[in-house]
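Visitor: Sharing the features that Swiss-Prot gives for it:
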| type | residues | note |
| --- | --- | --- |
| ACT_SITE | THR4 | active site |
| BINDING | GLY158, CYS161, THR164 | Na(+) binding site |
Amino acid sequence: MHATTIITVRKGGKVVMAGDGQVSLGQTVMKGNARKVRRLSKGDVIAGFAGATADAFTLLERLEAKLEQYPDQLMRAAVELAKDWRTNKYLRNLEAMMLVADRTVTLAITGNGDVLEPEHGTIAIGSGGNYAFAAARALMDSDKSAEEIARRALEIAGDICVYTNHNVVVETLDAE
């Protein structure tokens, strides 16, 4: 997935999701201040997406509907979305990935039907995801806060990945 980097860090009673703002079309930067991290479900869930923007918005709308159907059950809503995404002929062609988090869980949702919970308190997606993930993992044992780790990881990813910029949007929730 090109065009962005999204990371989630869970540490010190906080869950932070951060994403850059670059939108690319081929080799051209079309926009530098897109908002790819947002709140859902009355602010109780944060979500970030990488991939085709229209596809991601379709999936965010579907996730919002699943959260209304299964209130306060992010895992259940994510699994139901992943099942629909994988089995629905229309949705199957959508090209995006999502990170979602609430007070209790962080999940990556893919079009392959995967719903993955990170093992080490952090997970990242997108073209710069591997760089951000490695940077965050290296910083998890430091005295930095979850937000500081997320911002630094995106800064490093933005220095390396041509599809990631330094215009960072951050959303934070209290974690359990």
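From the backbone N, Cα and C atoms, a Cβ is placed for every residue, glycine too.
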Visitor: List, in sequence order, the same-chain residues at least six positions removed whose CB sits under 8 Å from that of THR164 (Na(+) binding site)?
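Guide: The list for THR164 (Na(+) binding site) reads THR4, THR5, ASP20, GLN22, GLY126, SER127, GLY128, LEU154, ALA157, GLY158, given in order along the sequence.
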Visitor: Taking the Cβ of GLY158 (Na(+) binding site) as the centre, count every other Cβ atom within 10 Å, in any protein chain shown.
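Guide: A count of 21.
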Visitor: What is the Cβ neighbour count of CYS161 (Na(+) binding site) at a 10 Å cut-off, with all protein chains included?
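Guide: So the number of other Cβ atoms within 10 Å of CYS161 (Na(+) binding site) is 23.
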Visitor: Suppose we draw a 10 Å sphere around the Cβ of the residue listed as 'active site'. How many other Cβ atoms does it contain, all chains included?
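Guide: For the residue listed as 'active site', the count of other Cβ atoms within 10 Å is 31.
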Visitor: Going by DSSP, is GLY158 (Na(+) binding site) sitting in a helix, a strand, or coil?
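Guide: Going by the DSSP assignment, GLY158 (Na(+) binding site) falls within a helical segment, counted as helix.
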Visitor: So around the Na(+) site, GLY158, CYS161, THR164 aside, which residues have their CB within 8 A of the centroid of those CB atoms?
Guide: THR5, ASP20, GLN22, SER127, GLY128, TYR131, ALA132, LEU154, ALA157, ASP159, ILE160, VAL162, TYR163, ASN165, HIS166
